[in-house]
Amino acid sequence: MQNNNGKIKLVLIFISRRFFLKVGLDNAGKTTVLYKLKLGEVVSTIPTIGFNLETVEYRNVAFTVWDVGGQQRIRALWKYYFHDTHAIIFVVDSADTKRIEEARHEIHSLVGDTELRNTLLLIFANKQDMPNAMNAAEVTKNLHLSSIRDREVGSMHISWKASSFTVHRFFS
């Protein structure tokens, strides 16, 4: 009798792999989010010029995460990461009220792209530990998330730089 356990395990790993595209405006905390998820700790980062690629495992599912820079000149390159994307993680700086309209524009541009029509949208409302950060209701309202009806939208109200990983609240 042939032992197929190795082949079965390989197939399960392949089926369980998911590709996430993590984007957002510059200085929103995208790379900090990535390494907090991967390493469980906050690491010192510099602005991402280009991308980071990491695999994060959670409950036996491997998530391959493309962490792409958010500077204005780099955003035009986001489309090159759309292929095979299962979910978009858009990181928003909740304390940066001056740029919330710009973030809203980018989110709605992403969900309007036909190549991303079957993807889940996750909004990470980051930097909740900052003074004057918008709360969950304000972020949802200002990003016009209720107008996105063609896909599932999840949003997390988070603080990644707190002494421990904290998800304050889930809202949709």
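Quick reminder: no glycine exception, Cβ is built from N, Cα and C everywhere.
Sequence annotations record features per position, and here TrEMBL assigns GTP binding site to G24, L25, D26, N27, A28, G29, K30, T31, G70, N126, K127, Q128, D129. Marked as Mg(2+) binding site by TrEMBL: T31, T48.
It is T31 that, of the binding-site residues T31, T48, has its Cβ surrounded by the most other Cβ atoms within 10 Å. Around the Cβ of K30 (GTP binding site), the number of neighbouring Cβ atoms within 10 Å comes to 27. When other Cβ atoms within 10 Å of the Cβ of D26 (GTP binding site) are tallied across all protein chains shown, the result is 16. T31 (Mg(2+) binding site) carries a helical DSSP state (H, G or I). The secondary structure of T48 (Mg(2+) binding site), as reduced to three states from DSSP, is coil rather than helix or strand.
Over all protein chains present, the Cβ of D129 (GTP binding site) has 16 other Cβ atoms lying within 10 Å. Closest to T48 (Mg(2+) binding site) in space, going by CA atoms and restricting to the binding-site residues G24, D26, A28, K127, D129, is D26. A gap of 13 Å separates the Cα atoms of K127 (GTP binding site) and T31 (Mg(2+) binding site).
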